[in-house]
Amino acid sequence: MLFGSKSGTAGMPRSSTPRVLGSFLLFLQLVAIHSLDLPKDYEFPATQLFPPVFTEQPPQKYVVYPNDDINLKCEAKENSRSWYMWEKDGVKFEPNDTRVIQKKYSGTLLISNINGNMKDFQGKYRCYARNELGTAVSNEVHVITEATPKWQKEIIEPIEVEEGDAVELPCNPPKSAVPPRIFWMNSTLLHIIQDNRVSMGINGNLYFSNVKVTDHHPDYICHAQFIGARTIVQKEPIELKVKPTNSVKFRKPKMMMPMGSTSNHLALKGTPLQLECIAQGLPTPDIEWLPLTSNMDPSRLQFDEYRKFLRIENVNEDDDGEYECIAKNSEGEVRHKYIVRVESAPYWINRPKDEIRGPGEHVKFTCDVDGKPKPKITWKINGEPVKVSELGPNVKMEGGSLILQNMKTSDTGVVQCEAHNKHGRILENAYIYVVELAPVILTPDQISYSAVENTDVLLHCKFFGSPAPITHWYDKDMNSVVSKDGFEILTNGSMKISNVHIEDEGIYYCIATNSKGNATISAYVDVRNATHIIIPPKTKRVRKGGKATFECIPLFDPNMKIKNMEWRKDTTIIMEDDDNDKYFIEDYLLSIANVQDDDQANYTCVAYSELDSVSRSARLIMLDLPEPPYNLELSAPQDTSVTLSWTRGKDNNSPIDAFIIEFEEDNFEPGIWHELKRVDGTENMAHLDLSPYVNYQFRVIALNELGPSNGSKPSDRFRTPEAAPLKNPTDVQGEGTKPSNMKITWKPLRGIDWNGPSFAYLVKWKRQSQNEHWKEKKVTEPYFFVEDTNTFVPYDIKVQAVNELGKGPEPDVFTGYSGEDYPKIIPENVGLEAVNDSTIKVAWLPVQKEGLNGHLKGFVVRYGAQNEKHTHKITVYGNATHANINGLKPFTNYSVTVHVLNGKGEGSESEIKTIRTEEGVPSPPSGLRVERLSDTSLALFWGPPEHPNGILTGYKISHHLVNKDHTDSFLLQTINDPNQQNWTFYNMSSKDTYRFFVYAKNSVKESLPAEIEGSTMKELEFPPVLNITVSSTDKCISFKWRPLDGLRNGEIRVQIRNKSNDQWQLHAVVNASDAEYKIRELQSGNNYHIRLMALNYSGFEEIWKNEVQTLTIALVDPPKGFASEGWFIALITTIVLLLLILLILCFIKRSKGGKYSVKDKEDTQVDSEARPMKDETFGEYSDNDEKPFTSSQPSLNGDVKPLGSDDSLADYGGSVDVQFNEDGSFIGQYSGKKEKEATGGNDSSGATSPVNPNITIE
C-alpha cells in the first residue's frame, strides 16, 4: 500500500474491488504515463463510492455575538457516504455539552446559544470527511466570540474654537473583529452634511478644515453600526462652540490626516485600497492626487466628489508605488506622500486536481501557489503530513509537486496541499482514484462515414478502460487492416484511411481489449464521387457600364443530400438584393450589371456538398477608354517639320492600338482640331511634316478597341515661315448656268495650304481646237464666270494658287463647257408592242449629237389611257433605245410619246403612237341577289362585272349546302350568253341553306366568284315572343311571354345552369303558343342562370338571359304581442327621457338654494400636526399626508337636516366669499361664526375627524 493504512478507517468493513459500471475514461497513451479523463456526459451509478469531496466548508473567520448560535457547515458529496470529525485547536473536538449538535449524515456543527456565554467555543476548528477510500480536510475556521458592542460612558467636555480654525471631533468606536460602519448625526437624527470643508476620516473622526459660526451645535453624535451584531450604538454628544471673530485670518494648508509629509501603507492584493488626504486651511484647500510611479494605470484610480479619498477597488502588483496628495489654497500648499507596498495572502495559480488512474499508472499533483511573502507549502495524505524521510519508493516530491508512481487500486486516497504566509493560508483537496475497468467504447455503434474519393476518412473508436485497452480494426471478412496500404491505427483508437477509393467502401469492426474483457463496434465507409466543375467560369473583359456574365456548371454525386453553389467576389459571398440589381444569380449564371472599376476582382464559384467543395475562379476585367497622354514636348524644329513626343496614359486594360496627333492653328480655323498623323500604339514620338505660314499647337489622342481617349493638354505653339504655294486647287470644272456663259469652279485650298499672305487663284481658259491664247484672271473666290460664249462649246481651263511669295506648281488642264439649251431633235421611228395585259414596250432609233444642245441625259416617255386627262411619265437615262411601261390596265388603249432629255431639260415630243393592252381577268359579277320563288325554287340575279378587262363571253354558276359535313361544289350551268344575267333553281330542299357562286368569263380567263347564301324557307320574324317576365318561389321559377301573331307554333328551348357549372343544360323544348313555362324541383336560396333560345334564319339564337334566385325558406315567427310593437317601445322611451330631464332640472334648482357639504374643504385645512403617524416611522411623517381626506355625501335614505339649519350661510353675514369651480363644486372661503358641533348622526361612510366634524350649510 502506497500510503499505509488510511486514517480513521479501522474497524470499518472493506467493500469488494470497486466496480465502475459504464464509466468513461479516455485512453491517451499506451507507453508513457496514462491519464484517464472522465467524459463530461458520464453519470456514475448512485451506488458508486468515491473519495470525499467537500461541497460546503466553514469560512476562515466566524464572529459570534451574544444571542447568536454557531453554525459551522461541513458537507461532502453524497457519493462518498462520508462520516465526519472535528478538531479544535489541533485536538479532536468531542465536547460533553448538550448545546453542541452534529447533524445526522452530515458534518455541519450546530452550537446553540442558551445562556449567552459562548466564550468556551472560541478557537480554531477543522473538519475531516472520511470514508474507506480516503480523508478530506476542510479549511481552518477561526471562531471569535464578542460581547455586545458598547461605548464606555464618558464625560466629553465642549470643544471651543475660534471662527476659521480647524477642529477634529473624535469618534473612537468600540473595537470589533468586524469594523463597524461610522456615520455622524445630530440629536434629531439628521446627518451631518459633508463637503470639501467637512469630512469624515477613515478612522471615523469628523474633520473641519475651518469652522464657521453655523457649525456651532451641542449635539455632534458619532454612530457605529455593527452589521453582524445587528445593532447601532452612539457616542455621547460632542458640543462644538464656535467663537465669532471679526478678524478671520487666511491660513496656508496643513495636513490633518495623515500627519506629516510621508507615510507607509500596506495593501493586500485583491482587496480595496483607500488613501485619505484631509487638510486644514482657509480658504478651504482643494485636493489633487499624483501617482508617482510611471507604470500605474490612471484609469484604475477612483476619487470621491471632493477628491479627499483615493480608492482602488482591486489591488494588484502594479499598484505598488508612491502616491502624492497636494492640498492647496490661495495661501500656499502642503504635500503628503504615501508609500504603498503591495503584498498578498497565498493564492492559487494551479490547484491540484482530482485524478482517476488505472493500475500501474503514474500521477503528478502540482501545488502551484504564489503570494508575498512567498508561501510555505506542506503536503498531507488523508490528513496526515507527508514526511520526506518516510516516503516510499513510489512517492517523490519535486519542488511544489507530489509524484505517485506505479500505483495499485489500494493507493486510492485524498491528497491535501496547504500553503500559508503571514497574511493567510489556503488548502486544497484532490483525490487519486485507482480503478480496474473492462473496456467500454464510447463511439456509437454502426456509424456510417461518408467520404469522397482521394480524401482521408477517420473512423472513430473512442474507448477507455483500466488498464488501458488495445484496439484492433478488421474488415468485413474479419481480416486485420494493419497491412493494407493507406490504413493507419491511431493511438486514440481511431482508424485513418488515406486517399480512400471506391473499393474501400464497406463495413469495418473495432475491438478494444484489456485484461478485464473486450468491446466491439462496427462502422460503415460510404465512398462517393468528388464534386467537379465541368464548365468553369472564364475571365471576362467588359466595357465600363456594361454587363458581365459568368457561367459555372458543377457535377455532384447523385447520393449527395446537399448540392449547392455560391458565388464569391474575392472572399466575400455574393448575395442578391431586392433593393439593388447589381447582382443577378439564376441557375448557373452570375450577372453583374453596370460594371465599374470596383467590380474588378476574382469571381469564384464554389460548389459544395455535405462532404466536399470545389471552386474555380475567373477574373473580371473592366475595359475603358484609355487615359490621354501627357507631358507633350517639341524637339528637332525645322522650317516645315518638328518632332513631338509624349508619355502614354493608362490603357485601362485594353492595349492602345494607335496615337492620333491633331493640330489647331489660330489664323484660319482657330479652336478647331484636325487630324495630322497616326502612329502605332507602341510609339511615344512622331515626326510631323507641316505647312508654311501656320502657327501650330498639337495634342495627342490614344486609341484602343473601345475608342479614343480625351485629347491631351495642348503642346506649346510652333510657327512655320512663309513660302510659295505647294498645291493647286482640285476638282476644277466648267459648266454654264445659261447658254451664253461658263462658270469655272474648284475646291478651294485650306488656309494651311496658302503658305503665305495675299493668297489668290489664277484662272486661265481658252476654246478647244481653236488657235487662241490663254485668257486669265486672278480671283479670291472659288469660282469665275466666262461670259458671251456660244451654246455648249468646249473649253480648256486651269486654276493655279498664288501668294506674295510666288505661284504654285503648273496646274493640270481640264475641259469645261459653256451653257446648254433645250434639245432641238426628236426621237424617230417610235414603235409600240403589247407585252401582256399590263405592260407595253416602247422603242426608238438612237439620236445624233447635232441638235442636242448639251449633254445627253436620257429620254422621257409620256403615256396616258384613252379618255383620261392625266398622263404619266417614265425616265430612262443614257443613250437608250427602248423602255417598258408597267402597271397598265388590261384591254385599254394608251397614247405614247418620247422626248430627248439633256442638262437643260426635255425636248419636243415625238410622233404620238397608240396601242391597246391585252385582255385580263374580269372582276366578279355585280349586284348578286337571291329571290325565293316557292318552297322548292329560287332565282339568282346579277349584273355584269364592273371591269370586264376584255370581251365578256358568258357566266358560270355553282353551289353547295351550308352547315353540312361535305362542301363539294356542284357545277350546274355554264351560260354562254353574256346578256343573260339570271338563273332559276328548282327542286330545292326547303330545310336547307345553300351558298351560290357566280363567275364572269371573257375570252382569256374567268373572274373570282360573287357569293351569296339562300334558302327556300320562309323568313321568320325574330324573336317569336315578346314581353318575357319571370318570377320565383323557393323551389320553382316561372316564365311568361306573349307570342307574335302568326308564330304561335314557334319552338322555344329552355336552357339552365348553376354557378358551379359552365355548361348550359337543355331543360325543355316548349311551343311559343304555350305563353308560360315553370322550372320545378329547384334548391331554395340558389342562383340559376336561365336563357331562352328561338330558331332564326340560320339556327337557334339567344332571345333572353338572366340570373334568377329561388326564395329562402323563412321560419314562421310567433305572433307579436302589443308590448313588442315599435311604436309602443318608442313611446315608453320618450316618457322615461322626459321624466329624467325633469328630475335633473329639479336637482339643479335645489342645488342652487339648498345645502352643500363643506367637509371636504375643511378636511383639506387640517393641521398636519393632528394627523396620525405610523408607529414605525422615525423622523418622517406618515404617507397619509399625500392622501386627501374625503367624506361621502349624506345618503338619500339617511337623516337629513331641516332647511332651517343653524349652519346656513346667513349666519356668516357679509363675510362669506363663495366661489364655485367650473364643475359646480364649492371652493369658497368663509369666516365669521365658529363651527358648531354637529347634531344628529354622521352620514359619512368614513370616520368623522375630531377636528373637522361634518357641517352642512344652506
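Placement of Cβ uses the backbone N, Cα and C atoms for every residue, glycine included.
Quick look at what TrEMBL lists:
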type: COMPBIAS; residues: 1158-1177; note: compositional bias 'Basic and acidic residues'
type: COMPBIAS; residues: 1241-1258; note: compositional bias 'Polar residues'
type: DOMAIN; residues: 52-145; note: domain 'Ig-like'
type: DOMAIN; residues: 149-239; note: domain 'Ig-like'
type: DOMAIN; residues: 253-341; note: domain 'Ig-like'
type: DOMAIN; residues: 346-433; note: domain 'Ig-like'
type: DOMAIN; residues: 439-522; note: domain 'Ig-like'
type: DOMAIN; residues: 531-615; note: domain 'Ig-like'
type: DOMAIN; residues: 628-723; note: domain 'Fibronectin type-III'
type: DOMAIN; residues: 728-821; note: domain 'Fibronectin type-III'
type: DOMAIN; residues: 826-920; note: domain 'Fibronectin type-III'
type: DOMAIN; residues: 924-1020; note: domain 'Fibronectin type-III'
type: DOMAIN; residues: 1024-1119; note: domain 'Fibronectin type-III'
type: REGION; residues: 710-740; note: region 'Disordered'
type: REGION; residues: 1158-1258; note: region 'Disordered'
type: SIGNAL; residues: 1-35; note: signal peptide
type: TRANSMEM; residues: 1127-1148; note: transmembrane segment
Task: DSSP residue counts for the region 'Disordered' (710-740), split into helix, strand and coil - done: 0 helix, 8 strand, 23 coil
Open item on the list: Three or more CB pairs closer than 8 Å, sequence separation of 6 or more: does that hold for the domain 'Ig-like' (346-433) against the domain 'Ig-like' (149-239)?
Closed with: no
Task: Leading contact stretch, 52-145, 531-615, 924-1020 vs the domain 'Fibronectin type-III' (628-723) - CB distance under 8 Å - done: 531-615
TODO: Report the listed stretch (149-239, 728-821, 826-920, 924-1020) having the maximum count of Cβ pairs within less than 8 Å of the domain 'Ig-like' (253-341).
DONE: 149-239
Open item on the list: Going by DSSP assignments with H, G and I as helix and E and B as strand, what are the residue counts for the domain 'Ig-like' (253-341)?
Closed with: 6 helix, 52 strand, 31 coil
TODO: Just give the helix, strand and coil counts over the domain 'Ig-like' (52-145), going by DSSP.
DONE: 6 helix, 44 strand, 44 coil
